[in-house]
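Lifted from Swiss-Prot, the feature list:
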DOMAIN    5-199  domain 'Glutamine amidotransferase type-1'
ACT_SITE  82  active site, nucleophile
ACT_SITE  173  active site
ACT_SITE  175  active site
DOMAIN    200-391  domain 'GMPS ATP-PPase'
BINDING   227, 228, 229, 230, 231, 232, 233  ATP binding site
């Protein structure tokens, strides 16, 4: 079992993943587990420190989540954040009550020195720094052996410590960006208090993962579906580095790809990385299956079902395959275990869902310990071009769900050309990597126009350009009007069949990023 320098126990905070990301960004490897993780499992990971996350519960409620008190006896430092602080307070005999006024937002943090010295947790950070509060309960009485190490105007116990037991607790959230020096505080906990000296980065991860893959796969073969997206591209590059020709990467051209997408994928993997890529041309098959279909959900199901059929046929050609590779990421893994307890319904995550029963492959998920930004760094480490690693998310059903109405060659040609112009201009103006997604949608709407002296009655395209950090929420991008005008003029002048361009100014929620 891999050693984990910092174990984070999750009590359901919306910010828990941020704790892990902040620590990893400064080279400290950590993993998240539900608060009820058995103590023997935690001990087996040989952590040098434990962090108790925030959470929505109140510690004085009868069914409030609790931690096994044996974690305090492991002889390693513990840091509680928000709910974690309140839990530590109650576990050691202090008092927590419901606050008359909830405290949400920014506050100034002032240090309370210990024997004339600032607590090591705050070394290298400034007194009076801005921190982010988000709590409805407050500590009113400290447990025996604990002292105050920082306060705010509204929180007399903004940070507390029992230095003898190496237990520290913060009422604020150091993991969120609003806490000015929060990342430094977390780094101090890891480096100065827990004594972690190891530096974790993508170079180390790649070496470790390659060795693990080689040991596990041996002389067997691995099948991998390559879509050209970031995750599947990085999985393919990593596996090829590890096992070479024992990897069977399959790229299915469904005819629903963006301009030049197949060619780019073939160039990168066949020419640059020398990967023996299998390309299946299934354009006709997908378009025939989609004929006459206008309902978006039906489109998705048909595309998914057809992909499985094509992938299954290819898999049957390789009888000695034992493993199937998937690009599962760490957020998927975290979400699959509910903090509400083992009885809660588990949410499954499968990148290649609905595969037939006979395909009894063992799964290999080499990215399951990584966040998306780490996957991108790994891709660069493995030699993938930046353009591929930082490309915008592209939906599995491809352009089919960016065409409202029936999908056919004519519609695909229109949306593909409009999309290409949009992306060319976004890149030329240095905006591409600042945006989450930018694409064109062919609307099932025709309108009257005038071109030259002639009346036209042609198609409408909507431009969808959004900013987001994770795709869960998004806001429409405030693109300069002169750039929108340039894109619109180019599309109308260069793409026969389009005479109107509109800009989608809907955020998510209430809208979704994709139109279908």
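Each residue, glycine too, has its Cβ placed from N, Cα and C.
Averaged across the domain 'GMPS ATP-PPase' (200-391), pLDDT in this predicted model comes to 85. Cβ atoms within 8 Å of the centroid of the Cβ atoms of 227, 228, 229, 230, 231, 232, 233 (the ATP site) belong to the same-chain residues 226, 234, 235, 327, site residues excluded.
Long-range C-beta contacts of residue 230 (ATP binding site), restricted to its own chain and to partners at least six residues apart, with a cutoff below 8 Å, comprise 372, 375, 376, 379, 388, 389, 390, 391, 393. Taking 82, 173, 175 as the active-site residues under consideration, the smallest Cα distance to residue 229 (ATP binding site) is found for 175. Calculated from their C-alpha atoms, the gap between the residue listed as 'active site, nucleophile' and residue 228 (ATP binding site) amounts to 41 Å. The secondary structure of residue 228 (ATP binding site), as reduced to three states from DSSP, is coil rather than helix or strand. Between the binding-site residues 227, 232, 233, 233 has the most other Cβ atoms inside 10 Å of its own Cβ, all protein chains included. Spacing of residue 173 (active site) relative to residue 232 (ATP binding site) is 34 Å (Cα to Cα, whole number). The Cβ of 231 has fewer other Cβ atoms within 10 Å than any other of the recorded positions 175, 231. If you take the Cα of residue 175 (active site) and the Cα of residue 227 (ATP binding site), they are about 34 angstrom apart, rounded to a whole number.
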